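S.K.: Dropping a structure here in structure tokens format, bear with me for questions.
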Ligand SMILES: NC(=O)c1ccc[n+]([C@@H]2O[C@H](COP(=O)([O-])OP(=O)(O)OC[C@H]3O[C@@H](n4cnc5c(N)ncnc54)[C@H](O)[C@@H]3O)[C@@H](O)[C@H]2O)c1
Ligand SMILES: N[C@H](CO)Cc1c[nH]c[nH+]1
Ligand SMILES: [Zn+2]
């Protein structure tokens, strides 16, 4: 773990922290050969790679309706209640994001301009299932697609060595409204949804997070299906001052660290006292965490940085562009105003990232590795397309015809100009 004053680190160390995610490039060769295999061998390749990576011999790739119903019915009612609570909050938040389906404005007499939002026809949701299973991700990916009106939403997730999908993930898929579920994960799942196979439906867009292999695969199939954005190993950056509780800050760092050895947790603070107490707490709490091995590895990527001021903390956070940003200071609102790049923002001592991971209703599928600089986290707009509309009558066209004809002729596109003139020729 990097620990110390920001000003005393070598430029190289800070650059490495900010320019994280280099693993993506390292796996791209492996990933492209799996993609090519699925493209040429379809379901046969899906079964081979599922045996190799998940240790499962599978026959049926699609999970049947009966298996989904059985998983749902055998899930503890209390857990179903919690899935429903989370699902309702996610649904409400994403409904609030929905833009007006269609609107018009009058540009000038005879010219009305507008737009129409249309849902994508089909979407594939990747739900991770390697080092942990993620029923919550089934809710986060499928519910917004359904709220937007996507007709076919399919889900891929890796099976366990017994060939079965985690029952709570299946129950979540049912609660969220998935149309098809496939027991296939990793690169092979992304390939299957991008290219289509005998068993797996080809989709127009693939959304959802995953490890570096999954993320690299998503980035390589963009000529066949649209994707949301790179959503790889989890990260949290916490801006805090002396008003933060060290044990809570440490717990939030370890919470994201337990996802993946490549997860990254960073505290940047203007308080030397907080920094040293958090370091002590992180080391203490890491010893008793269940996923100690993963946490131990990812804490090697962690950092506790002491800045000269909260302003410097904000500047660092904006360069880092974290997936999750926690703000725990005496004046969170002022800090919030100055944040430029962050996937999802959590304010105050009582808004830890796990509340958004599961149940507050905001989406937990978020850009990592600095991609929050240019991508938004998963939201309703990822499932919609906007068509612009113009309603123009003859009088309206007459007011703008000279401009169109002049510009068309200057571009040498005579037929464009003629398409306007012909409407006034008789
Ligand atoms: N950014 C986000 O929004 C977000 C949200 C949730 C989870 N996550 C991240 O998702 C990831 C989940 O990772 P996971 O590993 O638990 O599950 P996963 O489903 O992403 O990956 C498991 C699959 O990876 C493939 N794989 C593993 N080793 C491989 C190898 N050597 N070569 C080729 N393929 C290989 C296998 O096919 C396996 O089924 C974590 O990094 C977590 O932090 C991110
Ligand atoms: N923190 C993850 C996003 O990086 C989301 C998640 C799902 N389950 C638990 N956490
Ligand atoms: Zn999490």
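Here the Cβ of each residue, glycine as well, is placed from N, Cα and C on the backbone.
Residues annotated as active site, proton acceptor in TrEMBL: 323, 324. Annotated NAD(+) binding site per TrEMBL: 126, 188, 211, in sequence order. Feature annotation from TrEMBL assigns substrate binding site to 234, 256, 259, 324, 357, 411, 416. The feature Zn(2+) binding site is assigned by TrEMBL to 256, 259, 357, 416.
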S.K.: So which of the binding-site residues 211, 256, 259 sit close to ligand 1, that is, with a CB under 6 Å from an atom of it?
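M.R.: Near the molecule: 211, 259.
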S.K.: What is the one among the binding-site residues 234, 256 whose Cβ has the most other Cβ atoms less than or equal to 10 Å away?
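M.R.: Counting Cβ neighbours within 10 Å, the top one is 256.
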S.K.: Around the C-beta of residue 416 (substrate binding site), how many further C-beta atoms are within 10 angstroms, looking at every protein chain?
M.R.: 14
S.K.: Might you list, by sequence position, any residue in that chain lying six or more from residue 411 (substrate binding site) with a Cβ less than 8 Å away from its Cβ?
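M.R.: Listed in sequence order, there are none.
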S.K.: Should any of the recorded positions 256, 323, 416 have a Cα within 10 Å of the Cα of residue 211 (NAD(+) binding site), which are they?
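M.R.: Close recorded positions: none.
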S.K.: For residue 126 (NAD(+) binding site) and residue 234 (substrate binding site), what Cα-Cα distance in Å is obtained after rounding to a whole number?
M.R.: 16
S.K.: What's the CA-CA gap between residue 357 (substrate binding site) and residue 324 (active site, proton acceptor) in angstrom, rounded?
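M.R.: Roughly 10 Å, rounded to the nearest whole number.
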